Structures are given as structure tokens and as C-alpha cells.
Amino acid sequence: MSHFSSFNYRNHQLFAEEIPLTAIAAEFGTPCYVYSSAAIRTAYQSFDRAFGQRNHLICYAVKANSNLAVLNLLARLGSGFDIVSGGELQRVLKAGGDLQKTVFSGVGKTFEEIRIALAANIFCFNVESEMELIALNEIAGQMGKIAPVSLRVNPDVDANTHPYISTGMKENKFGIPAAEAERIYAIAQQLPYIRVSGLDCHIGSQLTEIAPFIEAAHKMLDLLARLQATGISIEHLDLGGGLGVRYDLEIPPTIEEYVKALCAATENYPQQLLIEPGRSMVGNAGLLLTRVHYLKHAPHRNFAIVDAAMNDMLRPALYQAYHSILPIAKRTGETKIYQIVGPVCETGDFLGHDRNLTLESNDLLAVMSAGAYGMSMSSNYNTRPRAVEVMVDGSSVHLIRARETIEDLYALEKIPT
Ligand SMILES: *Cc1c(COP(=O)(O)O)cnc(C)c1O
């Protein structure tokens, strides 16, 4: 259970820090996302400490979990942010985050988003194409600004992860092909409203080995040397995010091992090191609390129909992702093999297959490792209001997003008269 450091059984009852999850379900209802502030704090501090004396900036990838309370907690710890939209920029601002520690990634930044980010004086634009670079220069010129830029280079490294979350192979839409990077850096160097500031890559998500990160880092350092030989100076090296977490039996590198390996690979370089962790900051700091509604025993399968569904937690349906599912109160008695499914009208609506559990109707379950890409990927499919979110801090629990109402869901809709 060590990878769920803040969620532990006491007397056969699962707790979030000092609070029994049954109490949270009674107060806030289900489905409910529960986050541990201690787990997030520990993850941030592990990253930060592992850098030691190395000049660094940790830019939390907002898309993993963008709740204002999560962003605010990280901002107070000193974190920077990696954003991929104007909406995320506004969230960072609202949460009290420092935009001067914020980098803006993404292949499709709109002109309006670029204007807002320039006005906010963000730390760096991670530019993903030549056309974006030209547009950024023009907009910065109109605004009388100089845009700090890294090119996001695609190092063509196999991250050895699920194809949907692999981003650094030459087939992917992300970044600038390594072979073109020097030519586009030379253009950037000439553009009057662009200041070349860094070099960036991000090769994918849920990586469970160090080797691809190091391979990418070496390719970046080779490129850095070639750029410097042409008189282009690079102040920071952004090695992206992507460190995996333990969902099941995988054994990803620890945060310390990962950071120490990056520092070692770049030790002869004075550049500031940036990383953009998302999943590894919050993934195992959250769970999705759900209640068993019906049990259905078909001839060949047992179904536990719960009140959370694919709209609340898309990862199983989208990536066949595995999430551990634990009872909140352990029962004794005969176990059965269950399909844990939601009420949504899709066969892909499942949270877990073939789980050995002792269940009765009304039991509470925890879908573990739900802190990253859970709520942030949720939808209102089947007109299901989004789940409530709470954050536990020791023996306090705070509501950090109220459960949506049905009225919220159609508030913007109109019937033509
Ligand atoms: C998604 C993303 C991240 C974060 O990835 P994790 O796997 O959650 O750490 C970092 N950088 C960029 C550019 C991303 O798109």
C-alpha cells in the first residue's frame, strides 16, 4: 500500500489521512473525488529536494488536475505551472499562482491565448511549429513585447507507454522534428520580438523507466551544443513531464531517482533545469469514492453497478487503464469476481474488470490513483452532473468543488422561440 501513502486501513476501514472515508461519503455524497493535501505536498517536496543545489523550476502540468485548491496548494509551496490553454492560465492566476514561473505548451495556441499570455509576462512559450513562432513574433510586435521562447523539439524517442500518451515519436503531432530544430532556432534568433530562452521536450506520460528520459536529455544536449556553436544561447533546459505512477504492479522510478538521473545527465551544463510533472504530483494523492448501487449476477458474470461512471473517470474506457478498487469497509465472507461498471449507456463504461471482492449493495468503494486525469477529463455525458471534490488536510476536510446540479448542465442552453 506504500504508493497510497495517505490512504490507509485502520480497523478494516479506509481512511484519507485522519478521516474515515465513510464520514466523507455521509457528508458529501457519492461519487466524490477525495484528495490528500499531505500526499501532494510530499510529492512536490520530493521533487524540490531531489534537485539539491541545482538551479531548477518545477512547472506542475495543470491539465492533470486543475482544481483551484490543488493549484493554490502547489503555488504556496513555490511551484510554477505548465499550461496548455488560456483557461488554464486564468486558473493559475485565480489560484494565486505565479505566471512568471509559468510555461505555455500546446500545438494550437490561439492568437487570443497568446495575447493574454504575453500581457501576463509568462516565463516562456514552448513553441511547437514554425507557423506558431511567426504568429507569436507578430503579436508580440503589435503589443510592444518580446516573447521568451523555447522550441519544443520532438526527439523521436520511444517512451514505451500507451500509444495515446506517447508524444515524442516522429509520428506524433507534438513538437518540431529534431532535424528542423536548428533551422527554426536560426529564424527565431532573427525575429525582432522573439527572445530565444530555452530548449524543450516532452516525450509522453506514465513512463515507468528512466532510460527514455535520459535518451531524450542526451539528444537535447547534443542539439544545445550545436545551437551554441552557432551563437544561440540557451538559458534553460525543459525536460517535460511524464514520470509514471504505480497503478497496479508497475514499479516506476521514484521521484528522487528520476530527478537525480536528470541532474546527472546534465551536470556539466549551467542551464536552469525545468520539469513539467503532472501525474506524478497528484496521481496517487486522489481517489474516487463511489457507492455500489445494484449487484447483478448474470450466468457468466457478476456486475457491481456503482454510481460513478466513465464520465467521472474516463481512463479505463479511453486507455484500458487499470485502477485498483478497494472496499472502504473490509467485509469477511465469500468473494466473487466482479465487473465494476457505471450507469452510462456504453459497454466501455467500466471502472474495473474481474475484481475479487466481497460486496453488498450500498457498500462504498474507492477507485484508487484517481488524482490525475480523473476530474480534469470528466464530462457531463448522459447528463450526469460532475462529482463533488474534497481535499483532506490532517483531520479537516474541505469542499473544493460543489457537486454540479442538473440546472448547471443546461444553464447555457436555449429553446428557439
Ligand atoms: C501532459 C503534459 C505534461 C505532464 O505529463 P505527466 O505525464 O502528467 O507528467 C507535461 N508537459 C506537457 C507539454 C504535457 O502535454
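Any Cβ shown, glycine's included, is placed from N, Cα and C.
Record note: TrEMBL gives Arg315, Tyr319, Glu346, Tyr373 as substrate-binding, and the candidate from Arg226, Arg246, Arg279 in that site is Arg279.
Among Gly242, Gly342, Gly348, the residue that TrEMBL places alongside Glu276, Pro277, Gly278, Arg279, Tyr373 at the pyridoxal 5'-phosphate binding site is Gly242. Among the listed binding-site residues, namely Gly242, Pro277, Gly278, the Cβ with the most fellow Cβ atoms inside 10 Å is that of Gly242. For the binding-site residues Glu276, Glu346, the largest tally of other C-beta atoms within 10 A is found at Glu276. Note on proximity: among Lys63, Tyr319, Cys345, Glu346, the recorded positions of the record, the Cα nearest Gly242 (pyridoxal 5'-phosphate binding site) is that of Lys63. The recorded positions near Arg315 (substrate binding site), taking a 10 angstroms Cα-Cα threshold over the set Glu276, Pro277, Arg279, Cys345, Tyr373, are Tyr373. Only Arg279, in sequence order, out of the recorded positions Arg279, Tyr319, Cys345, Glu346, Tyr373 have a CB under 6 Å from ligand 1.
Mean pLDDT of the predicted structure over the domain 'Orn/DAP/Arg decarboxylase 2 C-terminal' (32-371): 96.
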